[in-house]
Amino acid sequence: MRTHTTRRLLGALAVASALALTATACGSDAGDGDGGSGPKDVKSALEKGGKVTVWAWEPTLKKVAEDFEKKYPNVDVELVNAGTGDKQYTALQNAIAAGSGAPDVAQVEYYALGQFAIAKSVEDLSPYGAGKFGETFTPGPWNAVTQDKAVYALPMDSGPMAFFYNKKVFDKHHIEVPTTWDQYVEAARTLHKADPKIFITNDTGDAGATTSLIWQAGGRPYKTDGTKVTVDFGDAGTEKYTATWQKLLDEKLVAPVSSWSDAWYKGLADGSLATLSIGAWMPANLTSGVAAASGDWRVAPLPQWTKGDKASAENGGSSLAVPKAAKNKELAYAFTEFATTGAGATTRVSEGAFPATRADLESKTFLDAPFPYFGGQKANQVFAESARNVSTDWSYLPYQVYANSVFNDTVGKAYVSSSKLTDGLKTWQDASVKYGKDQGFSVND
Amino acid sequence: MTLLSTSAQAVPPPRRRTRFRGRKEALVGWGFVGPFVAVFGLVFLAPIAYALYLSVFRDRLIGGTSFVGLDNYSEALADPRFWEGLARVGLFLLVQVPVMLGIALLIALAIDSGRLYGTAFFRVSVFLPYAVPAVVASLIWGFIYGTRFGLVGNINDTLGVTLPDPLSPSLVLAAIGNIVTWEFVGYNMLIFYSALKVVPRSLYEAAAIDGAGEWRIVASVKLPAIRSALVIATIFSIIGSFQLFNEPSILQKLAPNAITSDFTPNLYTYSLSFAGQQHNYAATVAIVMGVITAIIAYAVQLRGMRKG
């Protein structure tokens, strides 16, 4: 559960990391320098064996580590949970700064990867042969881990967004599943009018969700080129988002309940929170956290900003990266590749992870798997379709972790006072610009 | 805290009575003092020295670490986010501390008056919240404050009223003050009560014989007698207010838009350090805050201890 929560947040950030990768344009040079001429000798490292320390909180890696040790008996994989999300990044950053104690492989959410790439604290994996996986992974995640020709991590899972709705509530109030966000606002009004206890969804200001929806609307507020960063929440896509969302806030159509709180789970279970627009990793959370509503929920594609479109976005997801401070990088890479591609990826999908690999996304077993929770619906088909429709030119800030931490200080005001989302985003932009400048980036110059 | 101890009542340092008594004895002396000095240096001085060291550098994502002298200090002194947080805890201090100490004093006087039944039970009940960890207390109150599934929500549903949301931006500071008061009234009551306990009863009798009523005894005998306890409790409360962290940090999950990441100076330092990786600036803010706290606590002590 925690994994997913963090993942969700990070997911939003993941998109940001894509930007981050852009930021690391110069990283590829460093990689070349390290790599020498040919691909690194991963094979002989595997034969020689050794120990790989992996920092990750993703539960399905356990099975993969066992399989890896079975396949390569000389290798000893030590899986360490050094905390989830931010906690792990703090530990990782400290270990990197201290020059000792860093793991060989670390789980990094997409949105946070940029921060590590720009600081050159993760290894460019292309000299090890990671460059060949461009077609292996789905575009969103692959874009999030690459920057020019450098590959800073391999995607472990992904969170293409989908629209989860409570069919029982919709049927009772005779509401059609919205296909555009305008219809969504209408549905919100109808529902709330019919029963003031029912809200279309909850929202107390969530950086990950906001950036993902702006992404879907075609907004590209962040642009990163090396150490040059642009932050601009004034583009047309962002305006589409704020215009619609401002209506929801003004008319108090979204419940003031924070995601992942007790009230949230209760609301999802009792039908008072009728929909969620969230990453495809959500089903496992619903099954375990909202068991009482089993059979009520269904999955549909996200509502669209322009009628007839098929735009989607990523929300969450993480990758495996090899810190520069790793002791045995060849071996570390071997594990990373094993866990994220081929049989390792398939194993993790069967354990419940949402794949970032095309092969698994397209496999019949995956696509045709019925979800009893969704009344037998083959929900993966919706998710896979969404994954294909993610536009890939999105990027996050190379310091998205910080930016997200001040989201509620700035944009949050629009949720609890009469100030507007647009102004909130402007203040958020200013805070992001200031931090970027403090950190030595050239921002909006 | 360290600053506070240096400001403690002036105890003149014992004069060295002996002159030179030989190198050996000097070494023996160090043997006794050594362990203390080592631990003192390690756990009191070293962290402060390290914070001071950190505060004169700046670590940037692009460009790495560089020496910046006092730049961090000038930035902190001109940082509106820091001053707003300080003003917020200042307001908290001015309102919450008098209320809390007033209630604590009333309870202590009531228990000490000997006119109540079941004082032992009453005393323990009032003190009990202090035994609840601040994190747990904040969680409990967080549930109570909830307008959807909390007690406030239940009252609204049952009585068909709409109580103001305690976790809204305008009320959240008062809501935190309520939690802190609940937590610390018992603790302060105990300080006052134990100070009252050592006042000789004969003084009350003498006052009564002179014709003083209960209130007169309270004003002219009891309060002056426990003056130093009042000052100590006030200083603890000042320091506690300036260090406000646990309660807002826990409630932030429930009211993310009302409690900002710079709500109190401590919370600001925390987010600078853990979300922004600005350890150097965080150290600077912490030092500035420590100095301000020490100055105010010291001023209160000087004022409070002045005779007459």
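Cβ atoms are placed via backbone N, Cα and C, with glycine included.
Annotations in TrEMBL come from automatic prediction, not curation.
The transmembrane segment annotation in TrEMBL covers B:26-53, B:89-109, B:121-144, B:171-193, B:225-245, B:281-300. Sequence annotations record features per position, and here TrEMBL assigns domain 'ABC transmembrane type-1' to B:86-300.
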Tertiary contacts of the transmembrane segment (B:89-109) (same chain, 6+ residues out, Cβ under 8 Å): 122, 126, 173, 176-177, 180-181, 184-193, 196, 218, 222, 230, 233-234, 237-238, 241-242, 244, 264-265
Whether the transmembrane segment (B:121-144) meets the transmembrane segment (B:26-53): three or more C-beta pairs under 8 angstroms: no
Cβ contacts under 8 Å made by the transmembrane segment (B:225-245) with residues that lie 6+ beyond its boundaries: 1, 4, 89, 92-93, 96-97, 100-101, 104-105, 176, 180, 184, 188, 191-192, 194-196, 199, 203, 264-267, 270, 289, 292-293, 296-297, 300-301, 304-305
